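Peer 1: One structure is given below, represented as structure tokens, and several questions about it will come after.
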Amino acid sequence: MADTGENSALFPIFILSIIALPLVPYTILKLLRVASKKEKSIHCACSVCSRSGKYRKSIFRRISKFSTCSNFTVLLLWVIVIFLVYSIKQSSREIEAFDPFSILGLAPGVTESAIKKAYRRLSIQYHPDKNPDPAAHKYFVEYISKAYQALTDPVSRENFEKYGHPDGRQGFQMGIALPQFLLDFNGSSGGILLLWILGGFILLPMAVGVVYLSRASKYGGNNVRRETLVTYFELVKPSLAPSKVMDVFVKAAEFMDIPVRRADDEPLQELFKLVKSELNLDGKNARQEQAKFWKQHPAIVKAELLIQSHLLRKADTFSSNLQQDYKHVLQFTPRLLEGLIKMATVPRTAKGHGWLRPAIGIVELSQCIIQAVPLSARKAGSGSSDGVASLLQLPHFSDAVITRIAKKVRTLQNLLDTTLQERAELLSDVAGLSAAEVQDVEKVLELIPRATIEVTCETEGEEGIQEGDIVTVQAWVTVRRANGLIAALPHAPYYPFPKGENFWFLLADANSNDVWFSESINVMDEAAAITTASTITEAKMEASGANMEEIAAAVKDAVAKVKRGCRLILGKIQAPQAGNYSLNSHLMCDAWIGCDTKTNLKLKVLKRSRAGSRGSNVAGGVQDENDVEDEDEDDIEEDEEGDQSEYSEDEDEDKDEDEDDEADKQNNNSNIKGFANGSARRKGRK
């Protein structure tokens, strides 16, 4: 067994190794993430966003952003590492092997007279009679005297010269890197070691595991409570109108944590009067509807009133307590809306499809919350399916400004289609905006994304699609901006937190209200997009039997495409029974109004032969590519006319439409004929 002093000296080295092994790579990873986030933090530069202070990098904001629990833990561990390194450096002399020759300043093999001479020389320097310093006395007794005794003894000197030890050849020694008081089994120290082992290696991991499992059982994906997801799953219905999505959204369990104070009763009553028209409580049974609204859980009532006030841009009138609750509500909003979309698109029907109508309504609610635009502004009219909501998201635009320019510009797309000079004259002369305000509008228009989408559906390795086949859905989404940026934070001065753009891709059948496939797209994460595109392209080329050079070239092209602003989506769906299907691919941004893209896609599914082979039946069932591209213009116009905002519909119209949709669905399923590969490409509809 090694010397107890050596065991205690090795303990800091052991602890340093345990801490440094995970700490160093984790710190490097955090630094890389911080560097990548700095590159992505491109936000709107208009004066309205600048005045909001959301992107102002003050000292307090930087400190508060840095002082997270994980950062504090990393900093504390690095302080411990520095202390351990200093402690090890200071104790390094104590664990050095005793070498009498080096202490006396001699080389092995010197004469006895040289040893005595060196001893007398050091005695003059360190002897207590010559040097009153206690440290010199200690060094003389513990080192110089012992070295002299070891070298004046012939046996001890011979062992030192041959084996480096006064007792001769030494066997193998092994120690344990723990402090001596834990290794002393006299009295209660043995119990301390036992408790240290039980606590450090058994109880602590068990406690961490219990905390992790309890949190994992409480939260689902994207840090949304499982209770919330269950509630959303039960409340989302296929006929859920966009104007009714808010009633489902505010039922989240996260909102139950909002404190309900008696002092807030009067301010909430004032908010209710302010947002009453947005709550759809002015029908035939207005009193009953209002009483039903106030009978809800107080936290739910408070959350909905705060959100509706945010949509009307009245948050600056809140008291300090309401301001805190308001920010608490909006902080959870993006993740809750994402969980709500997933509950709408999760397979519900017997065919494994989600529901289109509630999914569209949820994304539209997200757009209104980020841009602080009331839901009533989305009522169809003025030649736009989004109403005036898309124009209200622009800086310095109000209902009065929109009324002035209504004769020439009614939609956001109309405004984008005008030339720079025409737009400047319109905004300054007709709308009455100043030169600085016009410049702010131009900055936001340059930031608005223009999206295009290219979708293909095919069965890998086959020319056509037969019922029951696994169909591969591949979509290339391209995002462009007038200012040349690919990824940027949206213009959202009234939303109190930085919010990145996310796009939702929905492949759906509008006639049956079915979502066949859905996927979220993060345009800002270029590194992840490159990895995804490279992996998918490489796997696809390998499956087709391409050689290494062809695979490398295809991967290179895919990476270059991603860097130009494209994002690749890949999914698998099962082909339904044979028939012709007219699908729509929706690409919706959760942060901008009026930037959604809709593409028509016609598919044809063939009946499976008895033998399961495709043979000549496939050749007869495959649709010509030109037939897919040259689809009927009347069908396209009919689809576009049907893609209107549904916020103005009442409940009776919703019920009638649901019955019609169900009848259309049954008729569509009963008149099915065949299937083929389909592809479509079209620019975004504004």
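Note: Cβ is positioned from N, Cα and C throughout, glycine not excepted.
What TrEMBL says about a protein is an automatic prediction, not a curated fact.
Note that the coordinates shown come from a computational prediction; the quantities given were computed from them, not determined experimentally.
OK, TrEMBL features for this one:
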type: TRANSMEM; residues: 12-32; note: transmembrane segment
type: TRANSMEM; residues: 66-88; note: transmembrane segment
type: DOMAIN; residues: 99-164; note: domain 'J'
type: TRANSMEM; residues: 192-213; note: transmembrane segment
type: REGION; residues: 613-686; note: region 'Disordered'
type: COMPBIAS; residues: 624-663; note: compositional bias 'Acidic residues'
Peer 1: Under an 8 Å Cβ to Cβ limit, what residues of the same chain, 6 or more beyond the ends of the transmembrane segment (66-88), are close to it?
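Peer 2: Non-local partners: 12-13, 15-16, 19-20, 23, 26-27, 30.
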Peer 1: Where DSSP helix means H, G or I and strand means E or B, what are the helix, strand and coil counts for the domain 'J' (99-164)?
Peer 2: 49 helix, 0 strand, 17 coil
Peer 1: Averaged over the whole of the domain 'J' (99-164), what is the pLDDT?
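Peer 2: Averaged over the domain 'J' (99-164), the predicted model reaches a pLDDT of 81.
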